Amino acid sequence: MARASSTKARKQRHDPLLKDLDAAQGTLKKINKKKLAQNDAANHDAANEEDGYIDSKASRKILQLAKEQQDEIEGEELAESERNKQFEARFTTMSYDDEDEDEDEDEEAFGEDISDFEPEGDYKEEEEIVEIDEEDAAMFEQYFKKSDDFNSLSGSYNLADKIMASIREKESQVEDMQDDEPLANEQNTSRGNISSGLKSGEGVALPEKVIKAYTTVGSILKTWTHGKLPKLFKVIPSLRNWQDVIYVTNPEEWSPHVVYEATKLFVSNLTAKESQKFINLILLERFRDNIETSEDHSLNYHIYRAVKKSLYKPSAFFKGFLFPLVETGCNVREATIAGSVLAKVSVPALHSSAALSYLLRLPFSPPTTVFIKILLDKKYALPYQTVDDCVYYFMRFRILDDGSNGEDATRVLPVIWHKAFLTFAQRYKNDITQDQRDFLLETVRQRGHKDIGPEIRRELLAGASREFVDPQEANDDLMIDVN
């Protein structure tokens, strides 16, 4: 259904566009086309005048004037060129005549001179002496020097000669440095040495900047407890002369925290042989000094952890720490602390057996027996050679009629020895022969402890003997009869 129309007219919002244009610009009118064309022509002429265009009459006058001026200039140039030609012609004829006369006179004079000198000898040309500047001569000798490097055959100074000259110069510098080394070592002896194994009078030869930098690092390490280590300290293991550099940092005054971090750093980055040097020169000395200087003769916790970390390389620990500690005469306190570290850390069986064989051959001492007991208590499957060494070690303390075993027969044996003997009987009673068992029972009877001796005897009797196998018989078992 359509919408109903409204009678009310809507009010417009604004006037129509046509009314707005009329109000702003006036009434719109039609423009005549002729007037529009005239206006365009006028505008075009005005634009031409502004751009500098001229009409045809003016341009013809300008071209005529330019042509007249050009003709006048060409006429003047032509007249001048003709005058020059006439002058040159007169000059050349005069000069040719004069030159002919001069040549005749010179020939006559030269002939007279030759006739005058003919009786006396040949004619010699006089040499001209030229003075050379000193700077030019020095520069010439620098590039073309006459010496051993100068190739006299070819008369040149080539690249090979320069290379040989530089090689000889380098060799001379090396010889000079070798001559100066004794003097440098004498100057460095005043810096002292650490008790880490440097011989008396031995010093380090390092650049002054390096010594200054690592002296500053050493002053930082005195009070270092946590955080990151200086980068200069971390790069020491990668240096070839790390022992000289670490000596400058004064390891005796490192804090215990630094000893632990340094042990981890050096043992993990150096080879076993180089790690042995670090453990022996620094860690062992700090271990002994700390126990000796402490009031209760205990070891600092961080140094204890450092000793534990040094077992990361067992061969370096045994050769650089344990063996020197025993050989230099450690006390039972030091052996007990070091042994507790050894008891807590797993050691490869081969390293353990080799260390045990080495300790069994040393003269008797209670600290050595402490380490023997700890290694036996690890329950490793020892080689028969090491087991035999253990048997001979305990057998040598029995009393012999001829007294061939010396002081070992009369020595008062400590309790730790009996404990080590009991440990061996418990762990390896099935790895000994019957003859060895009899000798050990005799030792227990003569030198046995009142409480520990019966236990050792019971363990030895409970074990089974190791059967001795002849190598030839073992090979016979593997033979096959092919007939």
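Heads up, the Cβ atoms here are built off N, Cα and C, so glycines get one too.
Looking up SER56, SER95, SER172, SER294 in Swiss-Prot, the residue bearing an annotation of phosphoserine is SER172. Per Swiss-Prot, the residue from the list SER6, SER156, SER404 bearing the note phosphoserine is SER404. When SER81, SER190 are compared with the annotations in Swiss-Prot, the one labelled phosphoserine turns out to be SER190. Counting Cβ atoms from all protein chains shown, SER172 (phosphoserine) has 10 others lying within 10 Å of its own Cβ.
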